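Reviewing the structure listed below.
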Amino acid sequence: MDNILQEIGMENYIYLSVILFCIGVFGVLYRRNAIIMFMSIEIMLNAVNLLFVAFSTYHQDAQGQVFVFFSMAVAAAEVAVGLAILVSIFRNLNSIDIDNLKNLKG
Amino acid sequence: MNVSFILILLLFGAIATYFAGDQLAKKVALVFSLASVAGSIYIFNQHMAGIDTNFRENWISNPNLFIALKVDGLSVAMLLLTTALTSIILFSSFGNQYNNSKNFYALVMFMSFAMVGTFLSADAFLYYIFWELSLIPIYFIALLWGNGDAEERKKAIIKFFIYTLAGSLFMLVAFIYLFQKAGSLLIGDLYAIHLSGQEQFWIFLALFLAYAIKIPIVPFHSWQANTYQKAPAAGTMLLSGIMLKMGLYSVIRWQLPIAPVAAKMYMDVFIGLSVAGVIYGSVVALKQKNIKKLLAYSSLAHVGLIAAGAYTLTLDGLRGAVLQMIAHGFVVVGLFFAAEVIERRFNTQEISEMGGIRIQDNKFASMFMIVMLASVALPSTFNFIGEFTLLYSLYNANIWFAILAGTTIILGAVYMLKMFQHVMLGEAGAKVFKAVTTQETIVFVVIIAVLLFFGLYPKPINDLITPALQEIVTKINRQ
Amino acid sequence: MSTLLIIFYFLSAITIATAFLTIISKNPIHSAIYLVICFFSVAGHYLLFNAQFLAIVHIIVYSGAIMVLFLFTIMLMNLNKEGEPHKKWATKLAAVISFGLICFVMLAVFIKAMPVIAAYKQTGQDFQSIKVLGKVLLNEYMVPFEFASVLLLVAMIGTVLLSKKEKSVQ
Amino acid sequence: MEKKLALVLLLAPFCGFLFNVFLGKKAGKSISGIIGTLSVLISFFATTYFFALLQSTGQPVQVDLFQWISLEKFNIDFSFLLDQLSILWLLFVTGIGTLIHMYSISYMHDDENMHKFFAYLNLFVFFMITLVMGSNLLIMFIGWEGVGLCSYLLIGFWYKNQEYNDAAKKAFIMNRIGDLGLLIGLFILGYLFHTLDYATLKTSILSNSAVLSNPLLSIAALCLFIGACGKSAQIPLYTWLPDAMAGPTPVSALIHAATMVTAGIFMVTRMHFLFDLTPYVQDIIAIVGTITAVVAASIGLVQTDIKKVLAYSTVSQLGLMFLALGLGAYEVAVFHVITHAFFKACLFLGSGSVIHALHGEQDMRRMGGLRKAMPVTFWTMMISTLAIAGIFPFAGFWSKDEILMTAFHGNIVLWVIGSIASIMTAFYMFRLMYLTFFQEFRGTEEQKHHLHESPSLITIPLIILAFLAAIGGLISLPGNSWLNHYLEPFFNKAHEAHHLGATEYTLMAIATAGALLGIGIAYSKYIKQNQLPAEDSEIKGIAKVLYNKYYVDEAYEALFVNPLYKVSHFFRKYVEEAVSGFVFGLGKLTNEIGNQGKSVQNGSIGLYLFAFVIGVSSILIYLFLV
């Protein structure tokens, strides 16, 4: 079985992941809509997953992929809970603009 | 039987006192504290007979920490001092009616537990825990049962608490650093590590901050007078009689042997600072109008002298320091108790509102006078032994230190006699001074007996502490 | 240039472009759609690695479950309009700065940490087929695997509880 | 046996003290007084035993009890030494002590706290014995401070009066200043020789010639002398003694004339081997002594309080003793100490008798003509006055003459000043006698009515002391001195007898003439011209300066006391506030930072995220890039 990295190169995946991750970060900071922020977080998670898989291949080891599975499980749970929270916030405030959520101030 | 049983006894005493209820609390506390005195005497005998009563048990394997208790002359002396003074203090507060007295007495017992733990610990981590633990009961004692305006009191007590806590954090940092170096915090391992001069300096300084605040050495003393004034009598006695000694003891046990090079290099600075405290305390005391504050500043002067002696790093200095620590413990408890006896009757701490007491109660006047004379180190009292040894050791360090610190002999007499004159002598005022009760008399008699006996025959204590101090001096002079 | 490389560049372009569009679309529905495309392209990457199982799972979980959830939520809140007020310029600047900073830092870190690679490891063993993964997952990672199921269960309960309408609050 | 008896000698007064403290009130005044007196008498008998023993064996008795203070280099033991010097001192301390106790039984009989008075007196005698008997400097120091304490207690015996308490306090504090000097001296000696024991100290000082060049030795001697200054009321620490007259008169007689104030002389004599080696310090001692003698005598010229006159006279006489010490004539000083103890105790007791008769009046302007009413008092005081004035053949003549003779051989200036002081002494003592006992009574009618001779308990001690004052000179006649012979072993040198030549006789004649001159002036002034000292407000010119004691107290007040209080005030008011403010300031600063920081925590998630990103970047930079 050929190693795909032979063809494409590890560094390309790293660049891709980093750029994807940074786009996620940018999105989180740039947008005020909580749903879009959530999506940005998903993008970041995907960036990391992608890197996991890349390294899994690089090391020829299944563990990286196993971690991706777990990461997906967690992401699913997180999204479910997060969206539920958003829904209840929306119910209370009729908005999901995070600038309105200042209860953290304490 | 190893020494840990005293700690268990005191802790158990605290718990039992709490559950005994308000009526019985003080008696239970006294019984347990007397038992701890008996236990200390037992330990003393064992120690003198050469029987090992050290205690060491693994506590946490990673990091490598022990529950280690060390019994040598120094710690036995402090153990005796603490348990004896705790009993006296407990007994002396019998004359007061405290709300929730079960809490009060339980806290006193708990404090005694923590302080004994501090004196016995041979593992820096354990020591640090006890050190901080002792702060909690005194905080509540002073806050809940203190006198004066509640807001003012709270301010003073919180200042004290945060001040001392802040100081000890530096100590913790020092210990963490030492742990990294030594891989254990057992006192023997700490003595054994080799530190560069630079490292020693910083360690020394960090420990100094902790101890200077506790002792207190000028200019870290500003918590003292107010706290003493606001705390209830028992709290003041605990603070001045025993808790200060924790700082001084730690200087001898931890600071000097761990960082001897720094101690030697900056000896003059630290002696100078302590001697400055002696003069400063004495001079400020001259003008005090509040009796407890006056005693607080006199205490500042005395402990300054003790610290100066300890920093001379000689056997004489250390021995004088330990002797004077014990003597000062008893004297200061006696003096604050006298202030308390007056306060019980006159309901004031202002010297200007007192006077004419001797004419009404000569017995009290005589007892107060003897304690006061001991405090100004009249020969044949215990304090003279300590002060003489300390001044002699200072003389060996530098004649000017001895002369400057010696002014405490003069100034001490000035403010003490002045205080005595205005508090006790003169025509009887409008206020009636009820004669001292038997219970109060017993407290004084015990204190006076101790002061006079050891003033004339200090050999037992001397024999007890000298080998231990000799060993510490050897540690200081190693390499 | 090999075919694989061309495919890689193609997929990468789609991934980055859609990710970016996700972020900047005014309309949340559009964002969601772009995100779906983005996820599919990531699945393509997985296929490129020959990790078929992972790719399938990815499509099911992300493109299927998560995105459906997103869309439902958007619909539920009736957010399918471009009504988001603009952020202050300071916030935007901060976002750009952090984007640049984190991008720079991470790239620098990876470049610094990257070993000089002469030849990639090639054991020839099967390490990512479903069979192997299943064995690893149920042997070495047995306990975490079970915990993951517990986690999902908890998440489910939590979600139900959170989104339930509180009767006491009007 | 010796050990036990020595302990009896030491502890008998202490037992008396304990008895009087705990049982005195119950036992009643007479019992209390008798027990007090007996306890001192026992000590006196014990002393005579030791005296006899010493005479027969010539060996000092050393009693070692136990180790007291241990230092690194040496230990200090609790031990006592009974040698020639200490026995001599003990003899007159316990002897005169007994007499004064006896006197006090009657004198203090009206005081409700008589048992306390006797308790203090006994305690004083105990400490005095400790001072004298101690075999090292530190045991002496116990007694040294102990007698200071008793002095404090007895001066402030009538503690209701705060002025008396002030005087007591002043005495204690002045003494303490000296004590600090003494302590420093002890430290130096301990440091140099690793011992404080007299015998060991002596051998190590004498055997160690290298130490002679060490300036520390002189400093040590000077420090010891400062201690002596405090205790024996020499310039500059003399001002407490006149004030100490606030105490009951027997106290003045015992403590402030006969015994305690001679402790300084005792100590210098004890340490003579040290002072012999430090000639500069000896010069200082001689000069200080002479100046004190003449200054105190000049103040005494115009005082009107009968006890103040005697007090200044005491200071002046002590000055003369120090003059002798400074010249190295220790035995002469000792001689004068003894004769002075006799006549000054007698004078004080006599004045006490007068005050007693006048119900507390001490102002000589309100006395006069008491000769007839109180013949015993008059004659005993007269004898003592003649003795102090230095009239042949009374005790003072011999001792003072010896001092002046020594001064003459030492330094002519000292002799001149000393002679002036003794002329003044003759003058003011006779002024005292004339004003008190001659002419007409100037007090109130009621006092006149009650004038009476004191009871026999008062007169017997007076007679005994007067007798001693008359013949005391016999113990050291020039040329054939028993005292010098007795002290020879102590000084470790054979005493070369004065050979009496023409110079010596001339000096004696000059001294006598001077004394007569002083008496003559007093006679012409107070008998012939019948003058009276002016009232306080009318005193003018130099007399006013003298009357106000050269304003030394005021000067001390302005120079030392007030600045000290000012500094104290400054410290308390400003420095304390500043230090405390600094600490509080730190607290406030923390608070303020918290307040400022609070506004950053405004709940804006965007800001938090931004901070978070920055934080992550920083950590990454730190971990991987730096």
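Using the three backbone atoms N, Cα and C, a Cβ is placed for every residue, glycine included.
According to TrEMBL, the transmembrane segment annotation covers D:6-24, D:31-52, D:117-135, D:141-159, D:180-196, D:253-272, D:284-302, D:309-327, D:333-355, D:376-397, D:505-523, D:605-625 (among others). Here TrEMBL flags D:68-118 as domain 'NADH-Ubiquinone oxidoreductase (complex I) chain 5 N-terminal'. The domain 'NADH:quinone oxidoreductase/Mrp antiporter transmembrane' annotation in TrEMBL covers D:135-425.
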| remark: Under 8 Å Cβ-Cβ from the transmembrane segment (D:309-327), and at least six residues away from its ends along the same chain, one finds 228, 232-234, 238, 241-242, 244-245, 252, 256-257, 261-262, 264-265, 268-269, 275, 282-297, 299-300, 303, 333, 336-337, 340, 344, 347-348, 351, 364, 388, 400, 402-403, 406-407, 409-411, 414, 418, 421-422, 424-425, 428-429, 431-432
| said: Can you work out which residues elsewhere in the same chain, 6+ from the ends of the transmembrane segment (D:31-52), have a Cβ less than 8 Å from its Cβ atoms? | reply: 2, 5-6, 8-10, 12-13, 15-17, 19-20, 24-25, 61, 82, 87, 90-91, 94-95, 97-98, 101-102, 104-105, 108-109, 114-115, 118-119, 121-122, 125, 129
| said: Under 8 Å between C-beta atoms and at least six residues away from its ends: which parts of the chain pack against the transmembrane segment (D:505-523)? | reply: 389-392, 397, 400-401, 404-405, 408, 419, 422-428, 430-431, 434
| field | Integer mean pLDDT for the domain 'NADH-Ubiquinone oxidoreductase (complex I) chain 5 N-terminal' (D:68-118) | value | 86
| field | Secondary structure tally of the domain 'NADH-Ubiquinone oxidoreductase (complex I) chain 5 N-terminal' (D:68-118) (DSSP, helix then strand then coil) | value | 29 helix, 11 strand, 11 coil
